[in-house]
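The domain 'Cationic amino acid transporter C-terminal' annotation in TrEMBL covers 509-558. Per TrEMBL, transmembrane segment is recorded for 74-96, 108-130, 151-175, 195-217, 224-247, 259-277, 298-322, 342-365, 419-442, 479-501, 508-530, 536-560 (among others).
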Amino acid sequence: MSYIGKEDEVQQRPYWRWSKVDFLPEESFQNWNTYLSALSQIYSRFNDRLLSRSDDANEITQLRKQSENDMKRCLTWWDLTWFGFGSVIGAGIFVLTGQEAHHHAGPAIVLSYVASGISAMLSVFCYTEFAVEIPVAGGSFAYLRIELGDFAAFITAGNILLESIVGGAAVARAWTSYFATLLNRQPDSLRIPKGSYLLDPIAVAVLAIAATIAMISTKKTSQLNWIATALNTLVILFVLIAGFAHANTSNLTPFLPHGAKGIFQAAAIVYFAYGGFDNIATMAEETKNPSRDMPLGLLGSMLIITVVYCLMALSLSMMQKYTEIDPNAAYSMAFQSVGMKWAKYLVALGALKGMTAVLLVGALGQARYTTHIARAHMIPPWFALVHPKTGTPINATLLMTISSGLIAFFSSLDVLASLLSVSTLFIFMMMAVALLVRRYYVREVTPEINQLKLAIFLLIIIACSMGTSAYWGLRPNGWVGYVVTIPLWFLGTMGISIFLPHQRTPKVWGVPLVPWLPSLSVAINIFLMGSLGSPAFIRFGICTAAMLVYYILVGVHATYDMAHQQQKLDALKVKNEDEDKEGKP
């Protein structure tokens, strides 16, 4: 049972309930007349939501009441570090390394991982400061609501949910393929042919098991993640030791067969292998000491992961000539070429353990994103409820698992793989912008002239980053465009540093070298986005348009009603307090 109500009025309600008010409690959806009235006010409501901002106290205190019960604070920096490993080191390193080394980067794939790792580390810095200052389950959604407003947060939320659902389905399907390899069978042999589809009940079962564990207990999920990740780490150590033992330095020549363009094309794709660390930020609400544990867990795990990825890429490139690398089973075939055919089973086992950890951490992180999005009423608040006994968001977990399961059963939607990279890079770019806004702008404190300066400098940074990316795509061997865009980016960043005073100083831990590191994060993320090609952006545009339709029909009205209802309650509370003071003798 759960409890809601005013300070002196407590009402007991069951967790499992299905009434209309639990899904659409807002005034705009009470009947068709109220809904049509709301639609007639779309312009004013959209403008209100576009300009509105949340604040730290609202995200940390007020919105959490929508869940009716608190999540259990049970995680330490040790849990978060292992979650970092589990969320990132999955099938990506085993699949993408060989694929991109063969097609784009050659032996320079190690530099692709360096470039992506630097970008990921810069994003981790931004996430860490927010997670320490605003320890809530919403992650980037909550942070952007505070700094950039409801509309920017909604676009981000849509991309987060899309990335989580499709990404979870892809990992589950890959789990089935690796499991078949472990049984010495063809990757599709465990799927059921049905017309043009290959049905995958095993992928659905794996998603369901991971979700069930996540719903039962966060701490137990952490313990299972330790085991899966520790086993995966042992396999990775074997790959590194055996790989370097059979290394041949002549395989590194030529080191740059496709030039710098190949390095960055590969970097944009292998960035997917770093994806998942943002799930750790969503666990701040369940962390015992966020100000200490979040920086240690996020930064520590990402630094080690970057080093591991670079070493694995280097070992593969030294074992086998890049032209001979099998894009579909790189490590297995590389070991076979040096007389270690049996090692392919060990590689498959490592990938399987890694993907199991990814699914476990994903089940946790994705549900917590969903919970906070529902707390803000951008999706029905029924998904915000936290179970009183388990302390976990069961409804949100079910939503994400069922959605991923439906896709995984029929298809992994590989056509959306590049879209996921665009979504991830877009979110991380927005986070860097949000951090700059947080440091240099405080409502009702920052003078208007400084607000204008900040907006101009940010536009210069973003425009120059886009210009650099576009010029790279059009003239990869040119240099004239960079003479314009890079110095202007530098001047825009320097303008913030010189002409704008800091408006907010982190209380405990903050990103160093602001504004330079966040500005560099913006530039790198946009540059990598530009390396993905037009099809990814076309799909991104289509998905964003679909999100906007939902926002106009539902989201804007639900969040508008919630915000203004809270304002009425606050005004009523102030009025009652004033009346009480006047009534005292």
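Think of each number as a place in line: the chain as shown, counted from 1.
Cβ coordinates come from backbone N, Cα and C, glycine included.
All annotation found in TrEMBL is predicted automatically rather than curated by experts.
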Same-chain residue ranges lying at least 6 outside the transmembrane segment (508-530) that approach it to Cβ under 8 Å: 115-116, 118-119, 122-123, 125-126, 128-129, 132-133, 264, 267-268, 271, 291, 294-295, 421-422, 425-426, 428-429, 431-433, 435-436, 439-440, 461-462, 464-466, 468-470, 472-473, 489, 492-493, 496-497, 502
The transmembrane segment (108-130) in contact with the transmembrane segment (479-501), cutoff 8 A, at least 3 CB pairs, sep 6+: no
Averaged pLDDT score, the domain 'Cationic amino acid transporter C-terminal' (509-558): 88
Seg_contact(the transmembrane segment (342-365), the transmembrane segment (479-501)) with at least 3 CB pairs under 8 angstroms, min sep 6: no
Whether the transmembrane segment (74-96) meets the transmembrane segment (224-247): three or more C-beta pairs under 8 angstroms: yes
Spatial neighbours of the transmembrane segment (419-442) far in sequence, C-beta under 8 Å, 6+ residues away: 119, 122-123, 126-127, 129-130, 140, 143-144, 146-148, 152, 156, 159-160, 162-163, 166-167, 268-269, 271-272, 275, 278, 450-451, 454, 458, 462, 496, 500-504, 511, 514-515, 518-519, 521-522, 525-526, 528-529, 532, 536-537, 539-540, 543
Distant-in-sequence neighbours of the transmembrane segment (151-175), which means Cβ under 8 A and at least six residues beyond its ends: 46, 49-50, 90-91, 95, 139-142, 144-145, 200, 202-204, 206-207, 275, 351-352, 355-356, 358-359, 362, 365-366, 369-370, 373, 376, 378, 400-401, 403-405, 407-408, 411-414, 416-417, 419-420, 423-424, 426-427, 430, 543-544, 547, 550-551, 555, 559
Secondary structure composition of the domain 'Cationic amino acid transporter C-terminal' (509-558) [DSSP: H/G/I, E/B, coil]: 40 helix, 0 strand, 10 coil
Remote residues contacting the transmembrane segment (298-322) - C-beta distance under 8 A, at least 6 residues beyond either end: 77, 80-85, 88-89, 93, 97-98, 101-102, 105-107, 109-110, 112-114, 117, 120-121, 124-125, 127-128, 131, 236, 239-240, 243-244, 246-249, 251-252, 257, 270, 273-274, 277, 280-281, 330-331, 333-335, 337-338
Same-chain residues near the transmembrane segment (259-277), Cβ under 8 Å, at least 6 residues beyond its ends: 84, 87-88, 90, 92-93, 96-97, 99-101, 103-106, 108-109, 111-113, 115-117, 119-120, 123-124, 127, 163, 167, 298, 301-302, 305-306, 309, 358, 361-362, 365, 417-418, 420-421, 424-425, 472, 476-477, 527-529, 531-532
